[in-house]
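Per TrEMBL, domain 'Cadherin' is recorded for 90-168, 169-277, 278-390, 391-495, 495-617. The feature signal peptide is assigned by TrEMBL to 1-26. What TrEMBL lists as transmembrane segment is 612-641.
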Amino acid sequence: MPKRSEEMLMDLWLSLLLVWITCVLSVSMTPIIGQSKSTQTGGSAVVASGVGEGQRLLSRAKRGWVWNQMFVLEEFSGPDPILVGRLHTDKVDNDTARYSLAGEGAGTIFAINEKTGDIHAMKRLDREEKAEYTLTAKVTNGITGQLLEPMTEFIIKVQDINDNAPKFTEGPYHAAVEEMSAVGTSVITVTATDADDPVYGNSAKLVYSILEGQPYFSVDPNSATIRIALHGMDREMREDYQVVIQAKDMGGHMGGLSGTTTVSITLQDINDNPPKFSKSLYEFVIPEDLPLGKEGGKVKANDRDIGENAKSTYSIIEGDDQGVFEIITNATTQEGILQLRKPLDYESKRNYTLKVEATNIRSEPRSNGPFKDTATVKIVVEDSDEPPVFSKPMYLLEVDENAPINKIIGTVTARDPDATGSPIRYFIDRHTDLERQFNINVDNGRITLAKPLDRETDMWHNITVTATEVRNHSQISRAVVAIRVMDINDNAPEFATEYEAFLCENGKPGQVIQTVSAVDKDDPIQGHYFDYRLVPEMLNNPNFTIKNNQDNSISVLAKHDTFRRQKQEMYFLPIIVTDNGNPPMSSTNTLTIRVCGCSKDGIVQSCNVEAYVLPIGLSMGALIAILACIILLLVIVVLFVTLRRHKNEPLIIKDDEDVRENIIRYDDEGGGEEDTEAFDIATLQNPDGINGYLPRKDIKPDLQFMPRAGGLLAFRNWCLKRKKNS
């Protein structure tokens, strides 16, 4: 502590001494700096001078001093205003001269004694805020107010002192460098700034040094570049470092100000460590019925590196000549997973000894290998009660269609792989044989036919056969049995479709009427071949013949050109089709041939007999339309004549104003058609009694008169009633 106090006191004295020397130099040099902005022609001029203890005023004959700037120290904080300089003129007596200032800071920052011309700084100045002030000096006669000198502009510069410490504006810093980097490897460059004047003195001259982080890192004193300083820095030993860098002004000399920053440096991993198994021997017990692809055990090799540098792959390098096992890598846990590629068999092999190797995925040229490690894996196979094993995973059997019931189709076999050798029972999964077309012997696995089969209905039958241990019914195995139904020639060929041929009346002899082909539901190995022939009674028919096209089809030809619809509209041609099976099968198919009227180009136009009498050039639709129009005209004529006739007949009712209906009620039975005395037709025609009203004596009439009703209507109703009663 005493030593530190002594150093601080010494720094203080040196700072005060430096300030004093600067002030003395600036004040003493003021009168002789710069060029005057106005040239004096008289004998004297306004003179500015710095004033201090023991100073004398300088003068020059016949002209004033040439001046244009003054200096003042920043951050001066004395009890009295600091004297900056003095204005003076020798043209008049000092008692009558009056001095004044104008410009930046005049009256606020700077004040002038109007009699003496002394300029004082009234406030504490900071060069970093404003480095200079421009003012205008004016001297006048205090009595007359006349200018004694032309107004002169001058500058007051604020002189810098070391009052700003260096700063790291971008800190704190973070950097990374690979582990095991060589000494001198650049890590990061830091930069500090100083607000002091870089031109004047050493206030802004910075020197860098490292306060914390040695001996691992160093810093260049001028460029502030941090570098590796220690050889063999290993991330696995230490990963993070905190480095403190100092920047000091005044060139690093005593009394300078300083600033610090922190740099966090992380060592980046490289692949400089090999994988290492946690133990050299692994032992696993694996049941023989472990499914393929399932985990049988795990091994792990640890790596001190991280990320991609720590990833490894596993492989079996010895002890698995049959390729029973495989080892894969779990990408998340970096473990080696041991699993089966082939089934285990306790009865054939009970122990395995494997050699497993772990190898880094990435290699690092700067590190010495090998980047691998090995371990031994011993596997003991555990016996399990295994299900029966079929001699084949799939059976293919064949049977002829229409084979007799109980015919043996084939046999399936299975065995118990365990040492105990349990007997086996066989069954058909009826879900695969819903129609129960097959049976199986439970003891020997012999499959027989239960129902006749038809290849044309189902060509294949896929059934599932199960094998079960007698001693343990839970141990079941399954096998697929594919039964193919073999074809026999049990279907006769027939026409491929129902053909209907058309024959033109104006056709030429030998023209092809129809091409006929046949199909057969059977499927012989050698393929189909069909033989076509006419029935015996049609061999010598005068109308048609057939021609073999050598492609299992025939062409039906016309023998003459005298076919007419009036003579015969339709012909039936029976054809026998025979296949090449053993025994051959045949069928008779009839081809229908219609005689039609055709155009000159042979296009069929009509095949009806009635159409033959139609005018040439008119179609059936046109003729029907013409006939409909004629009928419509006849109906219109009949209606017109009827209406005309009714219009010429006189009306029965003579008085249109008084039309009534006679309703006569009586209880006697009418005399039929010959009874003409039951009513008086004259009365009905003239209800008003124009011709007289002569009612019958034997009828008690009950007359009711209905206005506006016609007499003819009453007569009609009466006639209908009489007819009904009779």
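A Cβ is built for glycine as well, from the same backbone N, Cα and C atoms used for every other residue.
Predicted-model confidence for the domain 'Cadherin' (169-277) is 90, expressed as mean pLDDT.
Under DSSP, the residues of the domain 'Cadherin' (495-617) split into helix, strand and coil as follows: 7 helix, 54 strand, 62 coil.
With DSSP states grouped into helix (H, G, I), strand (E, B) and coil, the domain 'Cadherin' (278-390) comes out at 4 helix, 56 strand, 53 coil.
Shown for the domain 'Cadherin' (169-277): DSSP residue counts in helix, strand and coil, namely 3 helix, 46 strand, 60 coil.
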